[in-house]
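Beneath this line is the structure, given in structure tokens, with notes to follow.
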Amino acid sequence: MRRRPLPSLREETDHKTWRSVCESEWAVYTLVASVGALTYANSLGGEFVHDDIPAIVSNSDVTGGSSALGILRNDFWGTPMSDPNSHKSYRPLTTLSFRLNYLLCGLSAWWWHVCNVGLHAACCVLVARTGAVVARLQRPFAALAALLFAVHPIHTEAVTGVVGRADVLACVLFLSSLLLYHGSSGKHRVWPSVLLAALSMLAKETGLTALLFNVIFDLYRCWGSIIRSCPTRCRWKGDSVYGRVARGMAALALLATFRIAMLQGSLPAFSPQDNPPAFHPTFIVRLMTFCYLAAFNWWLLLCPWTLSHDWQMGSVPLITSGWDPRNLLTLFALFALLALSYCCLVDIEFQRHTPAVVGLMLLVFPYLPASNLFVTVGFVVAERVLYIPSVGFVMLTVYGIQLMWRRTMNGRRLLALGIAVLVVSGAARTHFRNCDWRTRESLLRADLAVLPHNAKLHYNFANFLKDIEQQESAIRHYKEALKLWPSYASAHNNLGTLMLASGRAEHHFLQALKYNRDHVNAHYNLAKLYRKKNRIGDSLKMLERCISLEPRFVQAYIELLQITPHEEKRGILDRLLEIEPNNWKHYQLYGDWFKEKGLWPLSLQYYMSAVRLSVSDKSLAPGNLLPLGSACLVLRTIGQRARALQLANRWQSARSDEAATARRWALARAWRLRSELADRAAKYARVPLITSTCLHHSKLEVPLDEQKPNRGIKENARKFSHKNDVHSAPKRGEVGAEKASTANGCQKSDHKKGVSISAQYKPIHNKSETGHKLKSCRLQKKKKIKEETFTPFVSDHLIKTY
């Protein structure tokens, strides 16, 4: 069966120059990619904010804390899919891209934003290609659709927020699947398009709707051939529409079954705080609210002025009455949808409004998984889920502009001016919105100004204030969150942690358990409070409940160690090693337990394991020295001091890089040089025992029986001290004038009267014994020249210099 020929892609326009530029495909692609990248250039300096922290910074699947196979078993947030508390968002391809990002550039947020902006630029190119090839827009208007997509402010959460990469990556694969299936060459590459759709689903769940689009649009394009169908025997031929539809539907059913199987028998568990309409008992209220939410999302695409990263908890009140004026917006959106559908169905035979059909399908199909009509989701409104539906929206908008351009000749200048204003205003709004996403504080403050009645925003802002230790402001925002949402259990719990001194902490913890009986942190905080009040029994009950709710809650086990008798701690320590076998702190606790029991060899064994694990911990916290100190103390206690020194040197070498090692060796050489110079200075400052006429002042001792007041002795002592400028400290046993004598003094051998020399000192001059002429001592000559400056120069100047 042969398909009817497609209409020509090139149509005449009045502006030949514009047409020639727009028909140059690479020029169009370069233009739209550049505009898309430049619009988000100011987002490159942003930090990890909002969901980036749990999905990237704290996710072991991203930072390499778990094996690569764990990415295939865990959800987007690093929780096993089999866990009942899992979010059930299975996006291994996005997580794999995060892990590759981490391996290449670590947690430098600049490079992560560069990847997001690059993917957005690629999406802009694919939108231009899809508008021209699949939607059959005229090439200038296909380029205009790509420009409007590039600057649309609704994309800030998906592009500027790093976690939004799931939507951007899914859109790249989604549009690639469409282009392979409905390519300009006339060939339908069904299985490659199925593969790309599957990859898009692994980036985000909405990518599965690419197969639904391919099948239905193929039926639309071949509707005339189906009506005038050949004999039945030719319908299932490999290249026929029936064969393509059959393969597409089979692949869709298979991928949907796989995605349902990944839920592993349980749906994601959400709370009324996440999605209040989904938990309302009345069906009419749920239906009216969900229909209004769909219309509200369409309004955000049309007028993206009120933007927020969080629309939960009171941001969109429930519609409980049919007289609610917001129902008018729902009716208007429903009427527009029905009118577009009617135009497409009436024109199905002639296919004159193919851009409207493509735009409507791209607007509706990718939004269905997030509409709450089939599956309950964990949000009310999320701007990031509108990334792929916005492709359909801009195509509908541009198709309307194309029809107006055709039918109005005089108003084209005004229309062109309106288009220019639309593009520039979109780029300006996106630029300012990117500034809001730079830091956690700026994002929360901007969104609180837009949605002051959102309890979740007050709660998150209070958490931020708590982290920067502004407790008074944090308490005020926690109370505001509870005023807007009284049953907010997490707000009660966090407020209780700030009110320990006021005595109101227990009340807030109990309130948190009242509204959420399974609140793990409230049980844990209450257990700690009871332990401090010496209510050991109540604390034990809370910890047991906490562990039953979260069997892998490490802090609960550590708290349990403090109230458990010493003999019963071993089971808890074994459980800690089972939960986190690579945490050195648990080995440290085990070593302390053996040390208290007096089992030194076993204690040393666990300390050494803690030392080995702490080497791999790259944080510079002082606590990392704790296992090393404990191991060295044990080694010193058992008498192995050399081994303790060797352990310290090896640990320091393993923890340091080459530059730090070089600095350490330089400091060691400087220390050795200072020590050597200090020893030399001490030797120069200390005169050795010299015989002959060179008498040291310590040898001039007056016997106790001859200590008499003698004026001659005092005068000689004053003369002796006047000749020497460097004085020594008085020594025990020296009397009177001898205490003021110099440390390096020398004099001739003519002794004054009244001066008694010790009997142990023998005044013999070596040179007089060999027949040489008696000469004055050389030390005395040198002393007259350099005595005042030489000693302080050596002992002080050289030591301070090196």
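For all residues, glycine too, the Cβ spot is worked out from N, Cα and C.
Remember, it's a predicted structure, so these values are computed and weren't measured experimentally.
The transmembrane segment feature in TrEMBL is assigned to 162-181, 193-217, 245-262, 283-307, 327-345, 357-380, 386-405. Under the heading domain 'DUF1736', TrEMBL lists 265-337. The feature repeat 'TPR' is assigned by TrEMBL to 455-488, 520-553. As annotated by TrEMBL, compositional bias 'Basic and acidic residues' applies to 722-737. Annotated region 'Disordered' per TrEMBL: 722-754, in sequence order.
Here the transmembrane segment (193-217) has Cβ contacts under 8 Å with residues 89-94, 134, 166-167, 169-171, 173-174, 176-178, 180-182, 244-245, 247-249, 251-252, 255-256, 259, 357-358, 361-362, 365-366, 368-370, 385, 388 of the same chain, all six or more residues outside its ends. Residues 489-490, 492-493, 496-497, 500, 505-506, 509-510, 512-513, 559-560, 562-563, 579 of the same chain sit 6 or more residues outside the repeat 'TPR' (520-553) yet have a Cβ under 8 Å from a Cβ within it. The average pLDDT the prediction assigns to the repeat 'TPR' (520-553) is 91. Using DSSP to sort the residues of the repeat 'TPR' (455-488) gives these counts of helix, strand and coil: 27 helix, 0 strand, 7 coil. Residue counts of the repeat 'TPR' (520-553) by helix, strand and coil are 27 helix, 0 strand, 7 coil (DSSP-based). For the domain 'DUF1736' (265-337), residue counts in helix, strand and coil come to 36 helix, 0 strand, 37 coil, using DSSP.
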